[in-house]
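J.: Take a look at the following structure, please.
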Amino acid sequence: MDTLYKRPLRAPFRAGPVTSGDQLLLRGLALLSALLLVVTILFPLYSMLAKSFHDASGLFIGLENFQRYFSEASLYRAVSNSFVIAGMATLISLLLAFLYGYGLTRTCMPFKPLFRVVSLIPLLAPSLLPAISLVYFFGNQGVAKELLMGHSIYGPIGIVLGLVIWVFPSALMILMTSLSMTDARLYEAASVLKAGPIRTFFTVTLPGVKYGLISAAFVVFTLTLTDFGVAKVIGGQYNVLATDLFKQVIGQQNFQMGAVVGLMLLLPAILAFFVDRYARRKQVAITGARAVPYSPKPHALRDRFFLLYCSLIGCLLIAMLGMAAYASFVTFWPYDQTLSLKNYQFDMMDGGGWAAFYNSLQMALLTAVFGTLFIFLTAYVSERCHGWRPVLNLIGGLTLLPMAVPGMVLGLAYIFFFNAPDNPLNGFYGGMTIMVISTIVHYYTVSHLTAVTAIKQMDPEIEAVGASLKVPQYRTFCRVSLPLCLPAVLDISTYLFSTAMTTISAVIFLYSPDTFLASIAMLHMEGAGDIAPSAAMAMVIVLTSTSVRLLHWLLTRRLSARLQRWKGA
Amino acid sequence: MSQAHSLDLFSDQLSEGPAVDGGAAQMHRTPSPPYLQVFDLVKKYGTFSALDGVSLAIAAGEFISFLGPSGCGKTTLLRAIAGLDFQTSGSLYQDGADISWLPPDQRDFGIVFQSYALFPNLTVAENIAYGLENQGTKKHQIAERVAGLLNNVGLPGAEKRFPGQLSGGQQQRVALARALAPSPNLLLLDEPLSALDARVRVHLRREIKALQHRLGITTIMVTHDQEEAMTMADRIVVMNQGRIEQIGTPREIYENPVSVFVAQFVGTINLLPFTPCGPDTVEVAGLKFRCPHSGRHKGTGGVLAIRPEDIECTDVHDHDANCIDVRVESSEFLGATMRLKLVQGPDLALIADVPIRALRGSDIRPGQAMRVRLDAERIRLFDEAGNC
Ligand SMILES: Nc1ncnc2c1ncn2[C@@H]1O[C@H](COP(=O)(O)OP(=O)(O)OP(=O)(O)O)[C@@H](O)[C@H]1O
Ligand SMILES: [Mg+2]
């Protein structure tokens, strides 16, 4: 045998691994992705940070801007106002959403799918919509003004109510995930141990969703802290950080102070982001992979209570949408209640007219197409590229960062970065491109995580098999990986499209007269006192988002039929 | 029983022809260099060595099995041979060429993964044709080849179905056909049968072996199932903690294990601590046993090893012939043999497999006394470290 262990002489000597063409391509793409992410995320945020330490003439002044901010009561009052509002809205929405989610996951009440769909209503339109509806219900000429017993809806009450409605679906989704992840065996154990319903709730149910609650609380807190639309419409004289930021930057052109306010928004958001990540990891850890899903048993009293409760919330959400829809057709509220399409003649009003809607449509399409392409490819590359750890880690960090950056902060950072006269990318400023990029970046993380989850679910050896059969990886990607991930790709593009249709926060700083968007038109018309047209524009947006979601639903249904065929009967 | 059965099978094949006549022997005969050579392969994950200096040579047409407990580095070694994960150091030669650092798409092999990794969205035919399409093969030729391969793996007419519509065993065959489609010269199988239930597994074992024999393709199969390795492989590479413990034909491995680890891992064996005493004699639990191969262990203790089937019932009363009186503690009926747990005093316990024929007419009951003989020729001694 020993004679065999001689090295063959004709073999050439090689020092190290030869990188395959496939890996070279992946690495090239990884580098490109990392580069683009650095330019569109890291550089802008850095510009903003830098701005806050400089004065208007570009001189470094250290913390002077911050000192000035905190020495002016009118300015820093916005901080406490914002935190109070966000705290209240978070508490209320969490409570409402928890009960709603409990009804959907832990009871046997009827019409669950319907309630699920209804809960999504607030996602179909910009956050202005709940605020506009509130004005029609409780405003100076509102139909149910008396219910407020003399209090004004314009101010903290209105902001909190509007925010609660707007963030309700977001809170619900997180809570439902953790409510449905709890292990059924824990309940069996509790009932074997003869624990009563109250005791079971406090010893099993609450601990099981603890991290879901934490996660939802911080996500919702960030959303409510940084939202602009609601406070703008219904905030009255009540100053919050988001409106303040808008005033500093657009009203007074005080960019340095804007950067300071931006940081005030960014810091809590980053903190919340880390708490959320921590909670999510814990949630996964406590449920584990082998949890037995809980399936509720009928219980007449409980089921009836939750049916009643969910119906109430559902009706309120429908009423919110219905009121705005109705108002959008009323010729002249409250004097001429005849129904007409007068409010839909956007071209007769301030705010960009129908062109704004077409711009929105165009932006949403571009965002969906390019966003999905870039996000999915980047996710694929970061999962399948071997070696080059630093580049992949950079991508990993930068794809998570956008979740921690509030939209307004992102928009502001984009002004500072792209509008700098010495930036070669300066040409993008004020155009459609920058709005598309900002929207993709703004909603990057959720899309990225969706893509990564789908890619991780595929057999990791698929590419290895392709390589062993000498098929280039891009072909295996197109023929196998991509078709297998198609549901996720559809999810991502729909998500990007509908958020692009409704977003305000980032683009509010980036639009130009040529690139008015529907959501921004809403803001303008509302600001000019044309509330009904604003509601009408909201309806157009709602109709578009609904159609896209319906299309998505149909496509997904066809896809899952095909998936079923792959899996066999 | 299954052990004996598999050895029978093996000897059947021995009589069939020279091709399976043990790879090692064949290589001594043929002057041509081995088909695949591995030199001092090391794979490190941080400070942990998954492969710790592995060297071996495989002849063309051989069926080799990597056998070892979970985590011993079998998959790592296979993936290094495929180029799917590069080794930290060491080199690989295939057909005389240095392939140490070539990416998988520049190597010549077909692979079947434990999960099969069939493309779920492609039909069986499209799966098998996947590696043929980019070679510029004509459509009707591809169709013919696919049909031929499906015939070969025993799935004729399955072209139009999707992998999800097939049973585990059928999927396995498709994966095999797909790996074989581009006619590679080396076939790598990573635990190809572990996801199947026992019945299908035994059936597929024979089929894969027969197919390999028919095609004459050099094959490496990873497994942690010793029975699988025994029945299928020409030679077995027993691995432990990133190292090769022993390379040999199934029979060599079974009959002449070089370490306690191999002896224990392949088949059942009695392990008894001994102290040496006198020439060719060792002492176990106060009893003296003769073993002609004890010479090397003078002065130190170690472990005496004997297979259960090398302990036989006897009437002879001869202590020099390793006969001892024992009591039956329990018995297990295995069909062709009876597995007896025997004790002698508090310190000595033995397992013996006695052919049913030798027990005809006698009734085995717990507590019963009997006399057995340990075959001196079959006793092996290992030093304290567990080596020969
Ligand atoms: N990517 C990795 N990082 C760190 N350690 C690894 C990695 N891959 C494998 N290992 C370690 O290397 C050792 C050998 O792994 P390998 O997969 O080769 O085992 P195996 O013999 O195939 O086992 P099994 O029978 O369970 O498949 C194991 O201890 C494993 O934990
Ligand atoms: Mg393995």
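Keep in mind that glycine also has a Cβ here, set from the backbone N, Cα and C atoms.
Residues or ranges marked as transmembrane segment by TrEMBL: A:24-46, A:83-102, A:114-138, A:153-175, A:211-235, A:255-275, A:306-335, A:355-379, A:391-416, A:428-446, A:484-511, A:531-555. Residues or ranges marked as domain 'ABC transmembrane type-1' by TrEMBL: A:79-276, A:357-552.
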J.: Are there residues at least six beyond either end of the transmembrane segment (A:428-446) with Cβ under 8 Å to its Cβ atoms? List them, or say none.
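T.: Same-chain residues near the transmembrane segment (A:428-446) but 6 or more away: 40-41, 359, 362-363, 366-367, 370-371, 374-375, 399-403, 405, 407, 410-411, 414-415, 418-419, 495-496, 499-500, 503, 505-507, 510-512, 514-515, 517.
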J.: What same-chain residues lie close to the transmembrane segment (A:114-138): Cβ under 8 Å, and 6 or more beyond its ends?
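T.: Distant contacts of the transmembrane segment (A:114-138): 100, 103-104, 144-145, 147-148, 153, 158, 161-163, 165-169, 172, 227-230, 232-234, 310, 313-314, 317-321, 323-324, 327, 333, 498, 502-504, 519, 522-523, 526, 531, 534-535, 538, 541-542, 545-546, 549.
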J.: With pairs closer than 6 in sequence left out, are the transmembrane segment (A:306-335) and the transmembrane segment (A:391-416) joined by 3 or more CB pairs under 8 Å?
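T.: The answer is no, given that the two segments have fewer than 3 Cβ pairs within the 8 Å cut-off.
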J.: Taking the transmembrane segment (A:211-235) as the reference, which of A:24-46, A:83-102, A:153-175, A:306-335 gives the largest number of Cβ pairs under 8 angstroms?
T.: A:153-175
J.: Taking a Cβ cut-off under 8 Å, which residues six or more beyond the ends of the transmembrane segment (A:83-102) line up next to it in the same chain?
T.: 115, 119, 156, 159-160, 163-164, 167-168, 171-172, 175-176, 179, 209, 213, 216-217, 220-221, 224-225, 231, 240, 306, 309-310, 313
